[in-house]
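Undergrad: As annotated in TrEMBL:
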| type | residues | note |
| --- | --- | --- |
| BINDING | 7, 10, 11 | heme c 1 binding site |
| BINDING | 151, 154, 155 | heme c 2 binding site |
| BINDING | 282, 285, 286 | heme c 3 binding site |
| DOMAIN | 1-96 | domain 'Cytochrome c' |
| DOMAIN | 136-252 | domain 'Cytochrome c' |
| DOMAIN | 269-359 | domain 'Cytochrome c' |
């Protein structure tokens, strides 16, 4: 349960003990630090009962009665079965105690009445109900993706009040990552539906391999997805990875309405300038056709990161490179080197525009100011 729920990624700070908390999150209402969930009596959840954990996961209320923030995805965990909560509780009791005390979350949104209002408006407790019209594999995947894996927490857009917009489920969202103590980097979580700017070109096999190994011929894990694959999906059974892929590939195609995409087409001049850079810096690995290759690099044609209305992840790849983590191999592909010290903001915008408007891709144009924001 802990692996499927990916507890480690959010509750283990860099260099810290497993599950001791302290991971820093930037939210619209302030900075939040994850809690210590080790078996420590003083700093962790060592005093919690199974009912306390159930209430936290199902209702968003801690053992002391304090309401939890929606940054903790109890809005997804509410679907967990009682049996799975009990199994998770039994495991967490075995986690070594660590006395680390994460920084306090001191801002006005912490007020209990505020969260009570938020829950009344945006939260509906409910256990997962299998769909009798679907296969056991599909239902298993729906449970892993929607309840345990809480994929929608990153891949669904949120409102100003941090509520997932259910009518836009899995259409892609935004993740904010602290790369230093005071520097935040934005990432675009891709559209998981089978739309043209999502996973249209991916098969169930492609997605299964990606989730289970971090690599498929359609793309490899990098950036924040390294933690998801490395700490969670790669540690599940192959059958569970396939169940997740089966469910995700069943999601109907959905893209943000044109009015919300702020579409600015790539101009011929931008594409021409970017093509020169692409031939010099990118073509060797990604190919003149943008299709990549088994022994060279991932395809850019039809790539959801390339086609996303939000270009931040693509910009990050060019600026900082793409490096696999957790000892996983991206097939035979080499780590992509960074170009932050080689290309200007205008250069990166131009090459991004070239790949976003070539080989059937049709994503909005990027300007140098957007690249500068990501530096």
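In case you wondered, yes, glycine gets a Cβ from its N, Cα and C as well.
Where the annotation comes from TrEMBL, it is an automatic prediction and has not been curated.
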Undergrad: Please classify the secondary structure at residue 282 (heme c 3 binding site) using three-state DSSP.
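TA: The residue in question, residue 282 (heme c 3 binding site), is coil (DSSP, three-state).
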Undergrad: Within the domain 'Cytochrome c' (269-359), what mean pLDDT does the predicted structure show?
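TA: Residues in the domain 'Cytochrome c' (269-359) carry a mean pLDDT of 90 in this prediction.
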Undergrad: Which of 10, 151, 154, 282, 285 has the fewest nearby Cβ atoms, counting only those within 10 Å, among these binding-site residues?
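TA: It is 285 that, of the binding-site residues 10, 151, 154, 282, 285, has the fewest other Cβ atoms within 10 Å.
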Undergrad: From the DSSP assignment alone, can you count helix, strand and coil residues within the domain 'Cytochrome c' (1-96)?
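TA: Residue counts for the domain 'Cytochrome c' (1-96) by secondary structure: 30 helix, 12 strand, 54 coil.
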Undergrad: I need the CA-to-CA distance for residue 282 (heme c 3 binding site) versus residue 155 (heme c 2 binding site), whole Å please.
TA: 28
Undergrad: Reported in the order helix, strand, coil, what are the DSSP residue counts of the domain 'Cytochrome c' (136-252)?
TA: 52 helix, 18 strand, 47 coil
Undergrad: When you measure from the Cβ of residue 155 (heme c 2 binding site), which residues in the chain that are at least 6 apart have a Cβ under 8 Å away?
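TA: In sequence order, the residues whose Cβ lies under 8 Å from that of residue 155 (heme c 2 binding site) (at least 6 apart) are 170, 171, 172, 173, 189, 190, 191, 192.
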Undergrad: Starting from the Cβ centroid of 7, 10, 11, the recorded heme c 1 site, name every other residue in that chain with its Cβ within 8 Å, sequence order please.
TA: 5, 6, 8, 9, 12, 19, 21, 23, 34, 37
Undergrad: Note down the number of other Cβ atoms within 10 Å of the Cβ of residue 286 (heme c 3 binding site), including every protein chain shown.
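TA: Total other Cβ atoms inside 10 Å, all chains included: 22.
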